[in-house]
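Presented below is the structure to which this report refers.
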Amino acid sequence: MTHLALVVDDVRQRHWLENQLVKASHYVLLSCSADELEAVHGGLEEEPQIWLVLLSAKRIERALGYISAVSSAPTLVLDDWPGERDHLVRWYTQLLGKLDAALLPRSAPSEVAELEQVWLLGASLGGPEAVTEFLAAVPVSLPVGFVYVQHIEEAFDKALSTQLQRKTPHNIAMFTGEARLRAGQVLIIAPETKPRFLPFGRVIASSKGWRSGYRPCIDEVAEGLVAQYRNRLGLLIFTGTCNDGEQAALRVRQAGGQVWTQAIETCVSDTMPEAVNRTGVVSVSGTPAQLAATLSSRLRGKAKK
């Protein structure tokens with residue numbers, strides 16, 4: 001029997017979840033709102049095996065910070081509560097699947113570095129080849145994780161993931177609604193799912209859709225990443241046919257991060273990197289291999305200091 005902790009502000013939603021989880025042979029060790037969390041948890045004689053959290057965006061950061069500080073148990077940030085009953089059944093079924101997956105025995109930790117930087121990779125036409133060349137030349141041991149936004153049709157996102165898995169040393173993950181950013185990982189943003197970035201590397205699906213005509217959208221992904229990573233975020237724009245990434249460049253640089261581009265003479269289409277170059281905030285430009293070498297050199301140099 002799994003001992004669970006529920007942190008849910010809405011009383012009706014919390015009670016409904018309690019009842020359903022008990023029926024599924026789980027034991028609810030803690031059930032409270034965000035305001036009650038520290039007091040209720042402080043009175044426990046044993047620790048939860050997993051935390052389930054359903055809170056508004058304004059209230060979730062403090063709760064996750066507390067949980068991360070006091071517990072090593074996994075935490076599931078639940079998708080927004082569905083409005084219709086048919087959707088609720090589907091939502092709960094997906095929750096049980098995520099719960100089972102989170103409770104599987106963990107494999108031994110691999111020799112990977114702590115996440116120090118996050119780099120957002122943006123591309124359009126010609127992007128898969130350029131980004132593959134770049135990632136193939138970046139050592140997996142570096143303390144950096146990547147978020148990859150590629151303008152692509154939904155039918156081709158699995159092919160993109162397969163290509164990167166075969167030709168690069170990194171752990172490739174397609175974002176489908178729940179993930180954690182780690183060093184040595186490339187998180188591909190799928191066209192159908194807009195991400196929401198949370199503290200401690202957590203990523204969940206946003207309840208809001210893409211505002212832009214681009215799906216996925218570099219500018220919108222950068223907006224969320226900047227809020228969490230500030231000067232630890234870098235932006236690298238590769239070949240592409242539009243100006244998506246132009247606003248991202250300004251946001252990243254304003255937050256203290258770095259902005260790089262692929263050299264325009266090596267692009268299938270130079271429209272996207274040229275638009276970013278015109279912002280005046282680009283500090284490095286080069287071929288995919290040169291960009292990989294520069295990133296590797298700088299991160300290794302930083303580690304020696």
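Every residue gets a Cβ built from N, Cα and C, even glycine.
What TrEMBL records for 105-302 is domain 'CheB-type methylesterase'. Among the features that TrEMBL reports, active site is placed at SER124, HIS151, ASP244.
Known features from TrEMBL, placed on the structure.
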{"residue": "SER124", "record": "active site", "DSSP (3 states)": "coil"}
{"residue": "HIS151", "record": "active site", "DSSP (3 states)": "coil"}
{"residue": "ASP244", "record": "active site", "DSSP (3 states)": "coil"}
Set of same-chain residues at least 6 away whose C-beta sits under 8 angstroms from SER124 (active site): GLN150, HIS151, THR239, GLY240, THR241, CYS242, ASP244, SER269, MET272
Neighbouring C-beta atoms (10 Å sphere around the C-beta of HIS151 (active site)): 20
